[in-house]
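For reference, TrEMBL has these:
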- 1-25: signal peptide (SIGNAL)
- 24-132: domain 'Cadherin' (DOMAIN)
- 133-241: domain 'Cadherin' (DOMAIN)
- 242-346: domain 'Cadherin' (DOMAIN)
- 347-451: domain 'Cadherin' (DOMAIN)
- 452-561: domain 'Cadherin' (DOMAIN)
- 587-684: domain 'Cadherin' (DOMAIN)
- 702-725: transmembrane segment (TRANSMEM)
Amino acid sequence: QRRGPGGGRALLGALLLCLWCRAAGERLRYAIPEELDRGSLVGPLARDLGLSADELPARKLRVASGGKKQLKYFTVNEENGNLYVNERLDREEMCGESETCSVSFEVLVQNPLNFFHVEVSIEDVNDNSPAFGKTALELEIGEWTLPGARFPLEMARDSDVGRNSLLTYQLTGNPSFSLSMKKKPGGKKQPELVLERPLDREKQSSFDLVLAAVDSGDPARSGTVQVRINVTDANDNPPVFSKSVYEARVAENLPVGSLVLRVVATDADASSNGRVSYSFGNVPEVVKALFGIDSENGEITTTGLLDFEEKSKYIFGLEATDGGGLTDHCEVQIDITDENDNAPEITILSLSSPVLEDAPVGTVVALLNVNDPDYGENGQVSCELSGEAPLWIVASSGGSYKVVTASALDREQASEHRVTVVARDRGRPALWSSTELVLEVSDVNDNAPVFEEAAYSAYVAENNAAGALVLRVQARDADAGANGRVSYWLAGGSAGAAGAAPLVSVEARSGALYAQRSLDYEQCREFTVAVRAQDGGAPARSSTATVRVFVLDRNDNAPRVLWPVAAPGAGAVAPGEAPAVAPFEVVPRSAEAGYLVAKVVAVDADAGRNAWLSYELVAASEPALFRVGLHSGEVRTARAVSERDAAKQRVVAVVKDHGQPALSATATLHVVLAESLQEALPELSERAAGGEAAAAAAELQFYLVLALALLSALLVLSVALAVAARLRRA
């Protein structure tokens, strides 16, 4: 049934999606520790994909991913199909403070074309020691401070994650102080210095302690910082932040110098002891590169461009210090919101070009990967094909797409297809990118040669030269290369009887037909040959055309007189035979004008005008007595016969055809003027006697020649015998 404009395409897409759902859904997972050396084994990739060692050369297993970083992290060995580390992996550099860290990519196989998703989890190792932001911590504590007072200390930072980043603190150096832990949001512990004994500045004005931070890794790593305590007078109130945790949410790409938030700390003291200054605590350098804090008013502003795709959240500590050296600490959490500032990136993983035109519907011709680093709807991408081509794009998991054939290909209609892949995200406004796919279609031998005409006619004049061109046939094959290269052969016909040489031949490359010998219209007026055109494909395809050759007549035959029969000459009479009597006609002397004497009968083997005959009187004993019909050949009396006319009359007529040039023959008729046959016999006897004398003379001549030949033979024989006898005696 007829569907709507999108019904057929939707149905085809659903069908193709079902066909590849299994391949697209397979995902292999591996887990490796960070900091592995290059060439370390990740996993037996080929074996896990079900590929044997014999299949690897043909399947061409390789890593193919949409991200440039993923391509350099891992490599596949072509011989055994194992997945190896291609460069040193630093989890902290790759994923920062994220609890989980993994690299996803696709591996590609050929013959048939397919891809599989691979995910490698990078596990943290304890390769980073805890570090403090300052080489020494300085505190000023008044001598009036009571035991039990607490002083927050700077927290150490460990770049590792999980258990490897859990820190414990130890204090060494003096019994006047001890160390206490204060729990902070997020599970972290803030070290605090606790005063255990009263201070007396006059007895000891300063203390040097060592604070050590130890992580929970195996083996454990540690970092230390020196704590210098100066005993002072009068500053008995430390600064206090209004919040222990400040939170802000800003958009990425915020202009440099934009205000993020403002922190406030108050100090109950007066004068310089109540003047508070703000600074960063122990924070990474990347935080100092992106944010700045005004030491007087506590305003945090941007000093660099924020990028959600680089990092979506920053957590760092601030420190408020009064004029007397007392401090307080707070935590700042800045969430970066995503903006649709990245257009989708299209990567062509594989392109099977050229593709055979007889490829079945659904053949995978290209694999694509589309990646948009934005978040949420800004990173959700849809792909479509733009352009008229029998191709369809099918979505897979992990941002991968397959371009497949949607209908049969035909190279003769289109030798290549150009389509544009358009990827568009769902942001507002939406961003898009495109790339062009050029798919070449290779030829298969699916077209037979086709003659320009199913039947040809050729006209050749007879008496042609051997090798003369008769006709040139031509067949065209829509295929390309050897599949479209046409050769010609004779496939049969009536061009010659069995056992006889054929009348024509054909040149294999050009299709030209040549006459093998001179043609004779009188023997063969027309004939047919079958010419086969065959291409060079495997298997070859062919077609046949019929050529009908008509032989045109030339005036090469003179008229032949059937009556009156010409009397043979004396030299033509065989010995012992009676000479033939020339034909004669008896005309009564009482014949009037128009009397039919005889009719000259002649034929011409030619045809058409070449066979049209005309008759004329060329000689006669009495020219005025006879006339010849121009077209009938009838010899009639032109006037009445008189007594003065001789008894024997001789009439000579010429027969001409209408060829160019004209050919002719003569006919001689003997006429006897007599009232009856008995009256004509004496005339006939004289003619016979003359004939017998001529015959006797001819016979005598024959015997003389025979005698001369015998004498010559005897002479030759005698000489031969004499020579033989002499040779024998010798």
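Numbers here mean position along the shown chain, with the first residue as 1.
Cβ atoms are placed via backbone N, Cα and C, with glycine included.
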Counts by DSSP class (helix H/G/I, strand E/B, coil) across the domain 'Cadherin' (133-241): 4 helix, 54 strand, 51 coil
Contact ranking winner - 24-132, 242-346, 587-684 against the domain 'Cadherin' (452-561), Cβ under 8 Å: 587-684
PLDDT averaged over the residues of the domain 'Cadherin' (24-132): 84
Stretch-level contact, the domain 'Cadherin' (24-132) and the domain 'Cadherin' (587-684), CB cutoff 8 A, at least 3 pairs: no
Tally of residues which DSSP labels helix, strand or coil - the domain 'Cadherin' (24-132): 21 helix, 38 strand, 50 coil
